[in-house]
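Enquirer: The structure under discussion is supplied below as structure tokens; questions concerning it will follow.
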Amino acid sequence: MILKNHLKELRARHGLNQSELADRADVSRQTISLIERGNYSPSITLALTLARILEVRVEEVFELQEEEDS
Amino acid sequence: MKKSSIIGFVLMLTVCGFCGGVLAVVIGLNDHSLAWLFETVYNWLFSNILAIQIVCFALLFAGSLAIYLVCQRRRRLYAEDYDRIDAKIAPWLDIGIVINSSLYIIMFVLFSLAVQTEIRGWETLIFLIACACAFVMEITYIRLVKNIYPKRKGDPLSIKFSEQWIDSCDELERKVTYITSYKTLNALRYVILGLFVLFMLLGITFPIGVLPQLVLAAIWLFINVYTLVVSRKLSNGENLE
């Protein structure tokens with residue numbers, strides 16, 4: 001199972017850049033960048049915080065997908 | 001346990017044992033020339049310790065300062081462009097901080113060499129100046145990091161600086177710190193083991209006594225016991241956040 005996210009699209013919809021979203025979520029810009037690239041899975045607290053900021057449910061930001069067998 | 005991992009482990013033991021045996025034979029065969037080399041190098045160091053101190057201090061401090069100035073200049077150029085800051089400044093900050101730490105280490109080693117028989121005035125003065133400069137550079141680096149990443153908090157002059165710093169990190173930064181520490185600890189165990197073997201073999205040729213092995217043993221024991229104590233506390237749920 002891998003974690004996919006729609007953070008970048010939702011962030012753009014709200015007209016926020018990475019730094020602004022990071023400031024609102026009280027994390028570093030690098031954290032937001034790595035989450036968007038799929039290189040870091042946030043904690044539940046951070047995931048819920050991001051969903052609240054983007055005014056969506058957390059399932060709309062993050063979703064679990066089956067890993068594709070290569 | 002997989003068969004391949006057992007075979008790999010046995011192979012590693014065999015190779016290490018072979019290399020150790022070769023090293024012991026080489027040292028045993030060449031004990032006179034090695035002892036002569038060791039004494040020559042040691043005497044040269046001891047006679048020129050002040051010059052070596054000054055050169056090391058100048059090179060390392062200049063390197064640390066140069067990197068700091070480059071990072072500061074780029075900070076002004078890049079302003080809020082964090083992609084460029086992460087790519088062009090952050091790695092150089094890390095290198096500069098390591099060079100600065102190396103200044104402390106090398107000055108301590110050279111000073112301890114200098115005062116083996118008596119306290120020497122000039123060497124002591126250079127040592128104190130070098131440590132003071134390294135300390136000031138360390139604080140200056142920390143201030144620059146805090147300027148670039150305003151969320152980072154901590155007073156470098158406070159005893160609780162490490163706690164304040166890690167508390168101001170977000171979850172990703174903490175994860176990076178913890179993984180780095182774990183990997184460093186594991187690497188340190190191998191280094192200690194390697195040094196143990198090296199000192200045992202060197203003891204065959206040189207009169208180094210048992211102090212190096214005792215110090216390594218104390219460090220190894222401390223690491224193991226402290227790791228156990230901390231991990232037990234964390235397993236009980238203390239200070240996990």
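Keep in mind that glycine also has a Cβ here, set from the backbone N, Cα and C atoms.
TrEMBL lists these features:
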type	residues	note
TRANSMEM	B:7-29	transmembrane segment
TRANSMEM	B:49-71	transmembrane segment
TRANSMEM	B:92-113	transmembrane segment
TRANSMEM	B:125-144	transmembrane segment
TRANSMEM	B:187-208	transmembrane segment
TRANSMEM	B:214-231	transmembrane segment
Enquirer: Please report, as numbers and ranges, the same-chain residues at least 6 past the borders of the transmembrane segment (B:125-144) whose CB is under 8 Å from any CB of it.
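Expert: Contacts of the transmembrane segment (B:125-144) (Cβ under 8 Å, skipping residues fewer than 6 from its ends): 50, 53-54, 57, 61, 64-65, 68, 71-72, 75, 93, 96-97, 100-101, 103-104, 107-108, 110-111, 114, 154, 156-157.
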Enquirer: Same-chain Cβ contacts of the transmembrane segment (B:92-113) under 8 Å, 6 or more residues past its ends?
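Expert: Tertiary neighbours of the transmembrane segment (B:92-113) are 45-46, 49, 52-53, 56-57, 60-61, 63-64, 67-68, 70-71, 123-124, 126-127, 130-131, 133-134, 137-138, 141, 144-145.
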